[in-house]
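Report on one structure; see the data block that follows.
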Amino acid sequence: MGEDGDWEDVKEDVDNDGDDRVGDGDEEMNENGDEAPGEDGDGAAKKKKKKKKKKTGAAAKLVKGTPSNKAEGRFLNEGSFTDYYVAHGQTEPPTLPVVNLFRGEDDEDPSRKGLPTFPQGEIQEHPLESNSHRVSSEELRAADRLQQDLYDKLRHASEVHRQVRHHAQSFIKPGIKLIDMCERLEETNRRLVQECGLERGIGFPTGCSLNHVAAHYTPNSGDDTVLSYDDVMKVDFGTQIDGRIIDCAWTVSFNPKYDPLLEAVKEATNAGIKAAGIDVRLCDIGESVQEVMESYEVELEGKTYPVKATYHKCIRNLNGHSMGPYHIHAGKSVPIVKCDDQTKMEENEIFAIETFGSTGRGYIVEDMECSHYMKNFHAPHVPLRVPRAKKLLAHINKTFGTLAFCRRWLEREDGGSATVNKQGGRQEKYLGALKNLCDVGIVQPYPPLVDVKGCYTAQYEHTLILRPTCKEILSRGDDY
Ligand code: HZT
Ligand code: MN
Ligand code: MN
């Protein structure tokens with residue numbers, strides 16, 4: 001059971017045109033390269049119900065810059081999702097910095113006059129009886145108010161993440177080149193966060209790992225990989241404000257045969273989120289996650305083969321993690337299987353809760369060409385003599401600091417940030433130097449993490465903060 005190939009045995013003919021690798025190419029595009037609304041890009045994403053078009057003057061066709069409430073992509077709540085930010089003045093496609101949409105005068109607190117108010121995440125109570133006093137404790141509410149600045153940054157970055165991913169969900173279709181997808185997503189991220197060097201920007205490279213690749217794949221330049229109808233893609237991207245990173249991911253698929261896998265992983269992540277809280281043991285979170293993940297039975301109905309039932313499993317050597325300023329992995333790992341880690345979560349900690357399910361072995365190894373890199377947060381200062389390595393390190397220090405980066409960004413005209421590298425920052429012949437920095441331990445490579453070939457992996461991830469009074473799931477959206 002659960003052996004590789006279970007999924008391959010099953011050929012469901014959900015695809016009706018037999019042309020699932022590359023988009024038909026006849027979609028109507030507006031000047032921004034966006035598909036015009038009203039046209040269904042591919043057979044798989046077809047909506048069960050057609051939404052009535054709003055009749056407003058010239059509303060038959062959407063023009064760049066006009067508001068819309070169309071929600072695209074599978075699993076999205078049609079209509080409702082973008083309403084609120086379009087109501088706040090965002091364009092469709094989104095072009096405006098999110099900060100401009102929330103400049104509120106609607107705050108009762110006079111000390112916050114003129115400051116933008118970003119939407120809160122989902123609020124949950126901390127589990128455990130010992131936390132029941134937290135909601136109403138005056139002392140803890142005061143402690144909570146002292147952290148408003150931190151919450152503002154996290155909520156701002158979260159709102160950028162929601163709007164960027166909503167836009168991405170509208171253009172991710174079979175046939176898209178992954179490198180184009182990443183560049184478009186990252187460009188939207190830069191624009192909506194109003195990129196400003198290390199102050200505000202992208203949190204880490206856009207992961208778009210396919211199938212048995214679970215994490216840490218983004219195309220290097222020259223990689224022509226195209227997304228196909230039968231792929232299972234983990235889109236994992238980040239937004240940061242003053243180093244406060246929102247790390248949040250979902251899984252894209254078109255073929256409904258993967259729905260039970262995606263559903264199981266989504267619910268497993270939600271179980272991990274629900275179990276998290278002040279004084280909760282990390283091992284108990286792992287157990288909750290595993291229980292939900294493995295409760296989902298997958299039924300595969302083949303045409304010629306008998307029905308096989310199997311269970312997907314957690315990828316036991318992948319984890320969630322605590323996060324600190326400019327520090328994606330601040331020290332604590334959140335297991336997604338039963339284990340014996342008695343470490344507890346603590347007040348004010350920020351966690352990325354992520355779970356991975358797999359139809360394969362449920363165990364990943366590093367493989368394939370590396371794209372992701374990050375300075376070792378605790379690396380001591382090492383003076384370098386090799387000129388290329390010295391120059392590359394200076395570039396990394398000013399452009400990314402201790403945030404993760406990828407090769408594609410080093411090769412951009414701006415070297416990864418137009419605000420930092422005003423005279424241009426493209427790195428040339430840098431690969432040797434990058435390897436030197438890895439060899440001496442200043443930079444850490446993060447190669448793709450893969451399960452066995454032929455299997456499928458899925459991921460869902462959210463960022464939350466353990467406030468003194470409650471737990472806030474910052475990156476929660478109407479989509480997942
Ligand atoms: C490393 C490098 C990056 C952190 C988790 C992760 C994507 O697997 C302890 C637990 C970006 C992130 C990271 F470029 N990693 N979340 N989202 N990857 S991790 C890790 O290295 S360390 C998990
Ligand atoms: Mn992530
Ligand atoms: Mn993460």
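Backbone N, Cα and C atoms are what each Cβ position is placed from, and that goes for glycine too.
Here's what TrEMBL has on this protein:
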- D236, D247, E461: divalent metal cation 1 binding site (BINDING)
- 1-18: compositional bias 'Acidic residues' (COMPBIAS)
- 25-42: compositional bias 'Acidic residues' (COMPBIAS)
- 46-56: compositional bias 'Basic residues' (COMPBIAS)
- 123-139: compositional bias 'Basic and acidic residues' (COMPBIAS)
- 153-355: domain 'Peptidase M24' (DOMAIN)
- 1-74: region 'Disordered' (REGION)
- 102-139: region 'Disordered' (REGION)
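Beyond the region 'Disordered' (102-139), the same-chain residues lying 6 or more positions past its ends with a Cβ under 8 Å from any Cβ of the stretch are 84, 88, 148, 152, 155-156, 158-159, 273-280, 464, 466, 468-476. Look at E461 (divalent metal cation 1 binding site): DSSP puts it in a strand.
Annotated divalent metal cation 1 site D236, D247, E461; additional same-chain residues within 8 Å of its Cβ mean position, judged by their own Cβ, are G207, F237, G238, C248, A249, A352, E354, Q459, H462, T463. Note on the domain 'Peptidase M24' (153-355): mean pLDDT across this stretch is 95. In terms of DSSP secondary structure, the region 'Disordered' (102-139) contains 8 helix, 3 strand, 27 coil.
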